[in-house]
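J.: Features from Swiss-Prot:
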- ASP96: active site (ACT_SITE)
- ASP98: active site (ACT_SITE)
- ASP237: active site (ACT_SITE)
Amino acid sequence: MMRDFVSEEKLKLLFEKYYRSTDIDPPALITKREVGFMTFEGEIIRHMHLSNKFELNNMLRTTVPRHVYSSAAYYKKPDEKKMPEKIWEGADLIFDLDSDHLPGAEKMTYEEMLNSIKEQTKRLVNKFLVSDLGISEKDIRIYFSGSRGYHVHVSSEDVYPLGSDARREITDYVSGNSLSISVIDKALKTGEKRPGGWIKDVISKLYELGINAEKISQKQIERAIDQVKSHNATMVDAPVTYDIHRLIRMPQSLHGKSGMMVKEVDLDKFDDFDPLSDAIPKIFLEGDYDINVHEKTRKLRLLDYKIDLPPGRNRVPQYVAIFLVSSGRADFL
């Protein structure tokens, strides 16, 4: 869809207003991370090296990018153009949970999608990372992506050296892809003591269904596996996790398709976090704007404003205008 040039320039000015009013803290070890961004013209700039907070904020205020990223990886030479020459030294363990990937997402409202993916994020952190894998909560950070889901970052000496294969195994585990009839059958036949994780859950489900372990069939095991997976599996975007050179959205930056912040959420406050209120920059709460809505908007909420607009000219709060223009649903007038 072609975007209106004048409207895009207005949106860029509003993004600039945000970056000039906000001191963004760089990710830890910024000197070892590759930094990249996408301009409002669609150009992708990569292989940048920044030394400190001043350089980061100066870059944001002078270039005013639409999207900003930094690498999960740490490099000896992050500004080298060829990956082998960067000299990889390790990487955070990253999980990307996107509500677009949820079953039945096309029938959900935006708010319902975000609520559902939030529950999956809680499950990933509490059940899999902390309980099953023994990762300390102090090494886990949750970020609202700024649009449709959450990013979970794990930073610790235990995960830094993990290669792509080990990271892929972790995604297979949290999504339940590593679970099979043969794995459960073996655990039942060997009488594995104190099974944990998925095996424990499936065996518990078998007992719950009243199935005798001595007369169990593969079909019954498959049924239990399907029920447990449907309740416990977490849908992560696997390539984001196992790609050890991946760029991920930079915390506190604006998402170019929503105008909302990539916002960190404390683990102990995650239940109360409302992205449709808490991720809207305060500087976007001032004033109203005229916009041209392309087609009737699907019902959704931002703060306490119910967006249900007809096509054509509408006057809306600034943050609503930014959201609709950023997502391609409207243009500034």
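Indices start at 1 and increase along the chain as displayed.
Quick reminder: no glycine exception, Cβ is built from N, Cα and C everywhere.
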J.: What is the Cβ neighbour count of ASP96 (active site) at a 10 Å cut-off, with all protein chains included?
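T.: There are 19 such Cβ atoms around ASP96 (active site).
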J.: Any idea what the Cα distance is from ASP98 (active site) over to ASP237 (active site), rounded to a whole Å?
T.: 7
J.: 10 Å Cβ neighbour count around ASP98 (active site)?
T.: 19
J.: Sorry to bug you, but what's the C-alpha spacing from ASP237 (active site) to ASP96 (active site), rounded to the closest Å?
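T.: It is 5 Å, counting Cα to Cα.
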J.: Output, ordered by sequence, the same-chain residues six or more apart from ASP237 (active site) with a CB under 8 Å from its CB, or 'none'.
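T.: In sequence order, the residues whose Cβ lies under 8 Å from that of ASP237 (active site) (at least 6 apart) are ASP96, LEU97, ASP98, HIS101.
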